[in-house]
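To start, the structure itself, in structure tokens.
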Amino acid sequence: MVPLSKQVMKDDLRCSFNARSTGKLLESAALAKRPDLAEKWLTAFWPPGNRSSFAWELSLGLPVDDAAVSILALSFCRSNLLDPWRSLCWLLRWHSDMALEQRRHCQAAVLAAWAQVDDTPLILSLLEDLSKKGDVPADAMMDVVSYNSLADGCAKKGDLPGVHRWISKIEACGMSPNVVSFNIVIGAYAQQGRLLEASRWLGRMLEYGVCPNVLVYTTMISACARRGETAEAEEWLWEMHRLALEPVEATYNALLNGYAKSQNSQRAAQWLECMEANDIKPSNVSYTTIIDGFAREGDVDQAVLWFERLLSADLQADLIAGNAVLSAYASRGDAAKAMQWLHNMEQRNIQPDVVSYNTVIKGHARNHDPAAALEWLETMQRQKFEPNLISYNTVVAAYAQAGDPDSVAEVLERALLGASVGSFLKRRAKELPRLPRS
């Protein structure tokens, strides 16, 4: 006999919960990367043996459908608790009741997770045994999606032979690779900088009658850009246009990054304007890439100009963009402008960090003003930022260059004895004699 209080609770829950809301409950735990919590909820709700169609009626009256269980299974694969074995156990528990598409989706995620933890042969052996016993329906066994998932898991850990092994299995089983299959292989080669092989696979893709998508070309453009091969990256972009494929923001951002890293920020800026002309709104990342590029080239005026353009585009400048301009001022020894820019950052709600203060300190050091560098180190401490070894080394180098050994010794003592340089240095400081003064 169910106690009255529990019966009332069950009735209340039946009024407010259904399979969808129960799924949302489990999904909230999964999104929080807490599949263990979702599992506790599910096992607390569900007593074995009380099944109705695709739902399991729980002791608290909450039905759980196949979608909810798939969320639980997937979350074990996608959270920090990468546990494909536990995921597989839940998947097989519900396997026969799941809709085919849901089952394949779950199985693909589980296989990808196993591929990442190097236990793929074990999972395949287990699935084969289950199939022979009739525990897993034949239509739920390995398909293109499953092999793609295994290949993708291998690609994520840089295992090119593994990628080839699973993609070739598709054809060996009488199936046809799809656009995802080719994307995985091309991406795996591109990630390792092997662009010739990647382009050959793109050729095979076309020969196979599979139309490349935007992701394939974005992958090629990004790989070329990382290697500084910007002309080749542009060629791939024009190839997209010839195939009537519309580039997306990520496509342009890859090209911008390539030009900025190749010390050709002016060309990167032209491509950003091309983005706008094609009705693709540049993001914070797009503008920051240009700002950082000009800053690295020492063109502070252009860096500031593009910083202002970022703001005029109703985007919020971040610390990366602010520090980039700050670094440009410091690199040319313009400590006054660096300090002014730091204050501007604060006024624009960009909170400086240790890198920001180190940059200003570097500016004073380049300006041959060690006293000002030391003053900013102290300002940094007053603002509750802990100087690191770079902070102290910059000040020490400035005093050393100025021929002031006494100040060098004093700053070194601060670094060794101060509470801001970490427990190791604090422990060692007690064992070291005081530095001699000349």
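Placement of Cβ uses the backbone N, Cα and C atoms for every residue, glycine included.
Please treat TrEMBL annotations as automatic predictions, because they have not gone through curation.
What TrEMBL records for 143-177, 178-212, 213-247, 248-282, 283-317, 318-352, 353-387 is repeat 'PPR'.
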| request: Please average pLDDT over the repeat 'PPR' (318-352) for the predicted structure. | output: 89
| remark: Residues outside the repeat 'PPR' (318-352) whose C-beta sits under 8 Å from one of its C-beta atoms, at least 6 past its ends, are 284, 287-288, 291-292, 294-296, 298-300, 303-304, 307, 310-311, 359-360, 362-364, 366-367, 369, 372, 383, 385
| query | Mind checking which residues reach the repeat 'PPR' (283-317)? Cβ under 8 Å, same chain, six or more beyond either end. | reply | 249, 252-253, 256-257, 259-261, 263-265, 268-269, 272, 275, 324-325, 327-329, 331-332, 334, 337, 348, 350
| Of the residues in the repeat 'PPR' (353-387), how many are helix, strand and coil by DSSP? | 26 helix, 0 strand, 9 coil
| field | Residues of the parent chain within Cβ reach of the repeat 'PPR' (213-247), under 8 Å, 6 or more residues beyond its termini | value | 179, 182-183, 186-187, 190-191, 193, 195, 198-199, 202, 205, 254-255, 257-259, 261-262, 264, 267, 278, 280
